[in-house]
Amino acid sequence: MSDSSSSDGEDNQKFLGNRKKNLTKKKVVTEEIEKDDEEDVKEKSFAELGVSQPLCDACQRLGWMKPSKIQQAALPHALQGKDVIGLAETGSGKTGAFAIPVLQSLLDHPQAFFCLVLTPTRELAFQIGQQFEALGSGIGLIAAVIVGGVDMAAQAMALARRPHIIVATPGRLVDHLENTKGFNLKALKFLIMDEADRILNMDFEVELDKILKVIPRERRTYLFSATMTKKVSKLERASLRDPARVSVSSRYKTVDNLKQHYIFVPNKYKETYLVYLLNEHAGNSAIVFCATCATTMQIAVMLRQLGMQAVPLHGQMSQEKRLGSLNKFKSKAREILVCTDVAARGLDIPHVDMVINYDMPSQSKDYVHRVGRTARAGRSGIAITVVTQYDVEAYQKIEANLGKKLDEYKCVENEVMVLVERTQEATENARIEMKEMDEKKKSGKKRRQNDDFGDTEESGGRFKMGIKSMGGRGGSGGGRGGKKKKMSK
């Protein structure tokens with residue numbers, strides 16, 4: 001790095017200078033959403049908002065001591081029987097804002113197929129299903145999660161149990177509506193669309209239209225979204241009746257207790273700086289965001305070869321493996337989740353200490369959703385964005401939209417350089433292993449599966465190198481280990 005330090009220093013100075021110019025040129029324009037109640041209302045407890053005692057008890061069991069801002073804003077309207085459209089910053093407690101009124105109504109009028117929740121991703125569907133089950137554990141709730149990548153026959157059996165709540169992705173739900181004998185939603189009382197902007201961005205309009213045609217017009221509808229796009233506005237007009245509008249965020253808002261930094265690095269040492277950052281924060285849970293599925297796998301394999309407890313999560317993994325990686329990270333059996341933007345929205349992983357943008361997000365809103373995986377529910381967190389000489393323009397655009405300059409993350413260059421040789425060796429070995437995996441797939445040969453990586457053997461089995469001498473996470477790889485009122489149908 002010494003032979004290029006001069007040019008790297010010049011690049012850094014240009015970068016810092018351009019940041020200042022760019023931020024003076026442009027003021028962020030945030031999207032203000034109309035509120036029904038403009039005056040500030042004193043914080044109330046769940047009981048004071050009208051939540052019934054069984055559900056207040058359930059909230060307490062889950063550690064929800066007081067309503068979040070979106071819950072404070074949405075629950076009074078929802079409990080009065082109104083349709084609701086809510087915009088809230090990530091990690092704001094949206095699930096509780098729609099689950100509580102649904103369950104309260106279900107207690108008074110128990111029936112099967114009471115509520116349908118539509119989500120854009122499988123992982124979010126499972127998470128919402130788990131939260132419904134946790135809230136309804138004391139009242140005999142039955143919930144079913146219906147998503148792609150899972151056997152249709154097994155799902156048909158789950159629907160035959162006549163669950164109270166169905167949480168589904170639009171495509172698979174339409175498959176069952178069209179093909180599963182005896183299944184219909186003619187008696188549905190609630191429709192909830194969570195992450196509605198993302199549902200529409202993923203081209204589910206055709207499926208949504210089919211679903212809206214076969215459910216009752218006389219229903220209550222809640223629509224929750226991170227942003228108010230033209231498509232969301234159109235969907236609101238088509239599916240909601242005189243909704244109460246609540247908002248606790250703007251388009252590019254991040255939570256106050258999130259410390260945001262950038263680190264400017266030469267592209268050829270990008271992996272080394274990532275290893276340095278993870279070592280600096282050893283013992284903390286971290287999500288590392290990558291741009292592609294291939295990069296995600298390669299970085300995860302590289303980190304495991306260096307002895308770090310990393311698991312991948314991306315769209316090309318089977319549903320079983322995706323849930324396996326997610327559950328290991330959520331249970332703290334693994335410290336590092338390396339993923340694409342599949343994990344950037346909606347997933348509730350409360351213990352994330354740090355987010356690293358290894359690859360630059362393509363849009364400002366993607367940046368907000370990524371860093372929103374940490375500093376959730378009142379906790380503090382740190383987000384560090386890796387900026388190379390090729391990312392400067394995209395990064396300056398993000399800063400301008402945020403309306404603030406991020407602090408530079410200070411590092412000791414000599415300590416980074418100590419890691420170069422081993423990191424480069426691990427990176428090369430990861431490439432070799434990835435190439436072998438591709439060749440095995442093409443040839444159709446079977447190989448022993450690893451719990452974390454799907455089609456790789458125990459990561460780094462041939463090349464694994466501990467990094468205890470680096471003073472960081474280290475170890476031999478591997479896992480940490482060790483570590484009422486009832487309703488009828």
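Backbone N, Cα and C define each Cβ position, glycine as well.
The model shown is predicted, which means the values in this text are computed figures rather than measured ones.
Range with Swiss-Prot annotation motif 'DEAD box', chosen from 194-197, 234-237, 258-261, is 194-197. Within the listed segments 44-72, 160-188, 363-391, Swiss-Prot records motif 'Q motif' for the stretch 44-72. Of all Cβ atoms in the shown protein chains, 20 besides its own fall within 10 Å of the Cβ of Gly93 (ATP binding site).
According to its DSSP assignment, Thr95 (ATP binding site) is helical.
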